[in-house]
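Noted in Swiss-Prot for the protein shown:
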DOMAIN    23-104  domain 'Lipoyl-binding'
MOD_RES   K64  N6-lipoyllysine
Amino acid sequence: MNIPENLQYTAEHLWVRPDENGHWLAGITDHAQDLLGDIVYVEAPKPGTRLSAGQPCGLVESVKTGSDLHAPLDGTVTAINEALQITPEEINDRPYDAWIFSFEPEHAPTGLLSAAEYRALLG
């Protein structure tokens, strides 16, 4: 299983990383996309949406099931990856490049997992 060292993770199987503009990108992990199977639809939170850490903020649907996206941190959504509206399967092909939304954290990020901690969580 692919768990890049340069990312941070949530127990709800999201990865996050800062971008060059000081915002953070969020997407689902390789483990999550593997469990979901072939992804057919992504409902990202709209720009301007207020995020509350751990609360549902979007949805990923596959041919097998659907799964809520849970906000990784408190903050405000700044953009969504519009390409995923047309080609949601990009998440299956490249889960760590296919970010779902970007956001501006309300405060310094805390409570995120390192790659080693996420790997341990998965067992």
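Glycine is treated like the rest: Cβ placed from N, Cα and C.
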For the domain 'Lipoyl-binding' (23-104), the averaged pLDDT of the predicted model is 98
Same-chain residues at least 6 apart in sequence with Cβ under 8 Å of the Cβ of the residue listed as 'N6-lipoyllysine', in sequence order, are L36, G37, D38
Reduced to three DSSP states, the domain 'Lipoyl-binding' (23-104) has 15 helix, 34 strand, 33 coil
